[in-house]
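Quick notes on the structure that follows.
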Amino acid sequence: MAFVELFVVALVPVLKTLIITAVGLFLALERINLLGSTARHHLNNLVFYIFTPALVASSLAETVTSSNIVSLWFMPVNILLTFIIGSVLGWILVKITKTPIHLHGLVISCCSAGNLGNLLLIIIPAVCEEKNSPFGDSITCSTNGKAYASLSMAVGAVYIWTYIYNMIRASGSQHNNTSTQVPKLPPMDMDHESQLALPLIAYQTTHDHHQGHVVKKMKQHIKTWTQRIKFKMLFAPSTIATIVGILIGVSSLLRKLIIGNEAPLHVIDSSASMLGEAAIPAMTLIVGANLLKGLKKSEVGVWIVIGIQVIRYVALPLSGICVVKVARHYGLVGSDSLYQFVLLLQYALPSAMTIGTITQLFEVGESECSVIMLWNYALASVALTLWTTYYMWILS
């Protein structure tokens with residue numbers, strides 16, 4: 001298939017996302033004020049507690065079965081690799097640019113967490129429905145594509161609400177603790193010579209005492225980070241929805257009861273699907289509304305923004321090609337070109353929209369996140385389209 005035709009196929013779903021984002025930006029303007037800070041806060045809660053779990057559960061229950069879940073085992077591993085590679089590159093970026101400590105979690109999150117949910121659910125069906133799609137029959141392609149995108153969204157949600165959520169939270173709390181910490185001074189009644197001798201006394205401690213001190217410090221660090229991490233977020237609504245959706249999908253009894261037009265409890269699935277349909281436009285509108293802050297002043301440096309874009313649209317996609325090629329060479333991903341396309345695409349997506357929601361929850365780096373997202377999604381119209389086109393070209 002011609003490269004130009006593939007480019008047009010890839011461009012359409014990206015444009016859909018950008019149009020809805022622009023609508024969200026328009027609704028957040030002061031003259032309109034339909035998506036002000038209060039409205040976004042309530043809409044965020046609806047997305048977090050209702051819309052996204054409904055979408056995850058219904059999509060997985062309808063598309064994941066006991067027969068195909070085994071063949072999809074590599075996808076969670078692939079998504080984990082995107083987080084690991086992105087985190088390492090983000091950590092290097094933080095050190096090179098000397099990013100402020102309270103933005104460490106934000107920068108690393110933007111480098112590691114991609115938009116694994118709604119963008120794939122938009123792009124994959126749109127690509128399948130195009131007449132020049134390289135993935136064969138549109139019905140089969142759409143059915144399989146929805147299963148792949150649903151699992152990607154579910155796994156991504158679990159990683160984001162455990163790893164990313166706690167990293168941003170810990171980064172923000174660490175900054176607050178550092179800024180409010182009072183340095184310890186020697187006692188006022190100690191004479192000058194004794195104060196000067198303090199470093200010498202500390203230096204002359206025994207080797208065993210030093211080892212005990214190191215172990216004690218390590219325990220303190222572990223305890224501190226354990227306190228900072230909210231383990232209850234391991235069971236966030238999206239995580240619970242993932243478990244429920246997979247259980248319904250792989251259980252033949254539950255599937256017969258709930259899934260399908262003839263199922264006696266089909267109304268439960270159809271209601272969840274109806275609620276879930278609101279997740280994608282709602283999240284996209286929120287991102288657009290948050291981008292308004294990116295037009296205003298923030299503390300994020302230009303090199304941080306550039307570095308994140310290079311990582312997301314150059315380093316990660318190239319890494320993804322290597323990972324998928326190795327996996328295909330060793331027979332870990334099968335021969336389904338659509339499945340391989342989804343695995344590749346997971347490395348080329350812009351940063352996850354949920355990051356903006358998390359920064360709002362903790363009020364850490366909100367304006368900086370908006371600047372990053374503004375450029376991230378502006379460049380996505382070109383970068384994501386080009387990578388999508390290239391992936392379809394090498395797989396066709």
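Including glycine, each Cβ sits where the backbone N, Cα and C put it.
Positions annotated as transmembrane segment by TrEMBL: 6-29 (among others). Listed by sequence, the residues of this chain that lie at least six past the ends of the transmembrane segment (6-29) yet keep a Cβ under 8 A from its Cβ atoms are 35-36, 40, 118-119, 122-123, 126-127, 130, 132-134, 281, 284-292, 377, 380-381, 384-386, 388-389, 392-393, 396.
Per TrEMBL, transmembrane segment is recorded for 41-61 (among others). When Cβ-Cβ distances below 8 Å are used as the criterion, the transmembrane segment (41-61) is approached by residues 35, 117, 121, 146, 149-151, 153-154, 157, 236-238, 240-242, 244-246, 248-249, 255, 258-259, 269, 272-273, 275-280, 282-283, 285-286, 357, 360-361 of the same chain, each at least six residues removed from its ends.
What TrEMBL records for 73-94 (among others) is transmembrane segment.
Annotation comment: TrEMBL describes 106-127 (among others) as transmembrane segment.
The annotation transmembrane segment is assigned in TrEMBL to 147-165 (among others). Residues 52, 55-56, 59-60, 62-64, 68, 72, 75-76, 79-80, 83, 109, 112-114, 116-118, 120-121, 124-125, 230, 233-234, 236, 238-239, 241-242, 245-246, 338-339, 342, 346, 352, 354-355, 358 of the same chain lie 6 or more positions beyond the ends of the transmembrane segment (147-165) yet place their CB under 8 Å from a CB of it.
Using a Cβ-Cβ cut-off under 8 Å and counting only residues 6 or more beyond its ends in the same chain, the transmembrane segment (233-254) has close neighbours at 48-49, 52-54, 56-66, 69, 150, 154-155, 157-158, 161-162, 165-166. Residues or ranges marked as transmembrane segment by TrEMBL: 233-254 (among others).
Long-range contacts of the transmembrane segment (274-292) within the same chain, counting only residues at least 6 positions beyond its ends with a Cβ under 8 Å from a Cβ of the stretch, are 17, 20-29, 35, 40, 43-44, 46-47, 50-52, 54-59, 117-118, 121-122, 353-354, 356-357, 360, 366, 369-370, 373-374, 377. Residues or ranges marked as transmembrane segment by TrEMBL: 274-292 (among others).
Residues annotated as transmembrane segment in TrEMBL: 304-326 (among others). Same-chain neighbours of the transmembrane segment (304-326): 78, 81-82, 85-86, 89-90, 93, 96-97, 99, 103, 107, 110-111, 114, 333, 340, 343-344, 346-351, 371-372, 375-376, 379-380, 383-384, 387, counting only residues six or more beyond its ends whose CB sits under 8 Å from a CB of the stretch.
The feature transmembrane segment is assigned by TrEMBL to 338-362 (among others). With a cut-off of 8 Å between Cβ atoms, the residues of this chain six or more beyond the transmembrane segment (338-362) that come close are 40-41, 44, 47-48, 72, 74-75, 78-79, 82, 106, 109-111, 113-120, 123-124, 128, 135, 141, 144-145, 148-149, 152, 156-157, 160-161, 164-165, 168-169, 172, 283-284, 286-287, 290, 308, 312-313, 316-317, 319-321, 323-324, 327-328, 369-370, 372-373, 376-377, 379-380, 383-384, 387-388, 391-392, 395.
Feature annotation from TrEMBL assigns transmembrane segment to 374-394 (among others). Below 8 angstroms of C-beta separation, residues 1, 3, 6-7, 9-11, 14-15, 17-18, 21, 110, 119, 123, 127, 134, 287, 291, 294-295, 305, 308-309, 312-313, 317, 341, 344-345, 348-351 of the same chain, each at least six residues beyond the ends of the transmembrane segment (374-394), sit close to that stretch.
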